[in-house]
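As annotated by Swiss-Prot, FMN binding site applies to P7, M8, E9, Q68, K139, N199, G200, E201, G223, R224, with the evidence given as sequence analysis. What Swiss-Prot lists as site 'Interacts with tRNA' is R35, N95, Y176, R276, K278, R299. What Swiss-Prot lists as active site, proton donor is C98, and the listing cites sequence analysis.
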Amino acid sequence: MQIALAPMEGLVDEILRDVLTRIGGIDWCVTEFIRVSERLLPAATYHKLAPELFNGSRTRAGTPMRVQFLGSDPQCLADNAAFACTLGAPVIDLNFGCPAKTVNKSRGGAVLLKEPELLHAIVREVRRTVPAEIPVTAKMRLGFEGKEGALDCARALAEGGASQIVVHARTKVEGYKPPAHWEWVARVQEVVGVPVFANGEVWTLDDWRRCREISGVDDIMLGRGLVSRPGLARQIAAVRAGEEPEDMSWAELQPLLLDFWQQARRKLAPRYAPGRLKQWLAMLTRTYPEAVALFAEVRREQDCERIDQLLALSP
């Protein structure tokens, strides 16, 4: 069984990957998508979105990181994937699940689920171009509007050469609205001969248990559930090891929240750093009452030094 941290554009950047993987329980993580259209991207683009490439493609905690691409041109994607491998990418992941309208309008992400033949062509060309020892994996949703093409899309990915498929158990149109249709993950697993990961609507340990029972797969990718409950992967890992699954207390999370903020201040412009903190805090309010109180204090603050003080004073 493996537990993966989902690639969420605009949320799970290098800073949050660093913090969440240090908490434990995560077997591997994925970069935000690298968007490819018509040209070979420079090394600086990869290093900006995936600075872990300088650290053997691992986070500070030693968690392996995969490089994810998004686009619709098979040859361009393949060329960029091959270049990423020369920079140290250990696994190439392909995004066929992003539901964002701006991405879909430019023929990226979930809109490609309308074209299983193109999915196959993309994976086949990337698989043909990158070194044989580099795995090529893919992430998909159940479809764009309906689910009737889900199995065809999954087959296209597997037959094209994907060695692993993550299934976000909703369509593009469903977005992030509950429920996630975990029973469809089971159907996908039945028609492909590669490992399948379940993804979507796993917020708690009980959600994970239900997902595993309904989907029939052991492997899980956690996204918003892990961001809002940072100890969730550690809890799941404890259960699978036969240990007591202790939740993460606010007191244990506080130093990591402060470290997240300090990294944001160092790496981002002062006008952007507060927004990143507020984004994570807002998600933490789902789990921690203390986060509700702290978020209420910082939500209108743009002064970084004042936020320093509020974080230092928070109980």
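Even glycines carry a Cβ here, placed using N, Cα and C.
Shown on the structure are the features that Swiss-Prot records.
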{"residue": "P7", "record": "FMN binding site", "Cβ contacts under 8 Å, 6 or more apart": "C29, V30, T31, E32, F33, Q68, D93, N95, K139"}
{"residue": "C98", "record": "active site, proton donor", "Cβ contacts under 8 Å, 6 or more apart": "E9, F33, L70, N104, G108, G109, A110"}
{"residue": "Y176", "record": "site 'Interacts with tRNA'", "Cβ contacts under 8 Å, 6 or more apart": "P99, R170, R224"}
{"residue": "G200", "record": "FMN binding site", "Cβ contacts under 8 Å, 6 or more apart": "H168, A169, R170, A180, W182, G223"}
{"residue": "R276", "record": "site 'Interacts with tRNA'", "Cβ contacts under 8 Å, 6 or more apart": "D13, I15, A264, L268"}
{"residue": "K278", "record": "site 'Interacts with tRNA'", "Cβ contacts under 8 Å, 6 or more apart": "F295, V298, R299"}
Sparsest Cβ environment (other Cβ within 10 Å) among recorded positions R35, K139, R299 belongs to R299
Distance in Å spanning the most remote Cα pair of P7, M8, E9, Q68, K139, N199, G200, E201, G223, R224, given for FMN:
22
Among all protein chains shown, how many Cβ atoms are found within 10 Å of the Cβ of G223 (FMN binding site), not counting that one?
20
